[in-house]
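The block underneath contains the structure these notes are about, expressed in structure tokens.
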Amino acid sequence: MDVTRLLLATLLVFLCFFTAYSHPPPEEKLRDDRSLRSNSSVNLLDFPSVSIVALNKNSKQISRKEAEKKRSSKKEASMKKVARPRTPLSAPCVATRDSCKPPAPACCDPCASCQCRFFRSACSCRVLSLNC
């Protein structure tokens, strides 16, 4: 009984290897020179043509100036963000990054919320979004 199972298992493994290695990948099937030439010409026609243009010094300087303007405008835009007035802090509140277990009062920061981990054993006030 054990010999027949061993023989069947060996036969099954041999058949698996035979079927896996008997089929070559598609790129290995084409070994003929004619098929390689026709295949390569088809591949070259599939891709769009590329044109190479030489840049002179003026165009490089203009692009640098434009890049610097974009950088400065982005910095100015980030600086122009108006800070909204904070709400007055109520006395019973929890500061950011302090413990805020459920019987504790709410977080002081209006953008913060109480996040609990490890089955509500470790809770702390955290700011979730920076754009709040």
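Think of each number as a place in line: the chain as shown, counted from 1.
Using N, Cα and C of the backbone, Cβ positions are placed for all residues, glycine too.
Feature annotation from Swiss-Prot assigns compositional bias 'Basic and acidic residues' to 63-79.
Within 10 Å of the C-beta of Cys108 (disulfide bond) we count 18 further C-beta atoms, all protein chains included. What Swiss-Prot lists as disulfide bond is Cys93-Cys108 (among others), and the listing cites sequence analysis.
Cys100 (disulfide bond): 23 other CB atoms within 10 A of its CB, across all protein chains. What Swiss-Prot records for Cys100-Cys114 (among others) is disulfide bond, and it gives sequence analysis as the kind of evidence.
A strand conformation is recorded for Cys107 (disulfide bond) in the three-state DSSP classification. What Swiss-Prot records for Cys107-Cys125 (among others) is disulfide bond, and it gives sequence analysis as the kind of evidence.
Positions annotated as disulfide bond by Swiss-Prot, on the basis of sequence analysis: Cys111-Cys132 (among others). With a 10 A radius on its CB, Cys111 (disulfide bond) counts 13 other CB atoms from all the protein chains.
What Swiss-Prot lists as disulfide bond is Cys116-Cys123 (among others). Following the DSSP three-state reduction, the secondary structure of Cys116 (disulfide bond) is strand.
Taken from Swiss-Prot, the feature domain 'Agouti' applies to 93-132.
Swiss-Prot lists Asn39 with the feature N-linked glycosylation site, giving sequence analysis as the kind of evidence.
Feature annotation from Swiss-Prot assigns region 'Disordered' to 61-87.
The annotation signal peptide is assigned in Swiss-Prot to 1-22 on the grounds of sequence analysis.
Neighbour density for Cys116 (disulfide bond): within 10 A of its CB lie 13 other CB atoms from the protein chains shown. Here the disulfide-bonded residues are Cys107, Cys123, Cys125; the one with the fewest Cβ atoms within 10 Å of its Cβ is Cys123. The separation of Cys93 (disulfide bond) from Cys116 (disulfide bond), Cα to Cα, is 17 Å. In the compositional bias 'Basic and acidic residues' (63-79), helix, strand and coil residues by DSSP number 17 helix, 0 strand, 0 coil. Cys123 (disulfide bond) has its Cα within 10 Å of the Cα of none of the disulfide-bonded residues Cys93, Cys107, Cys108, Cys132.
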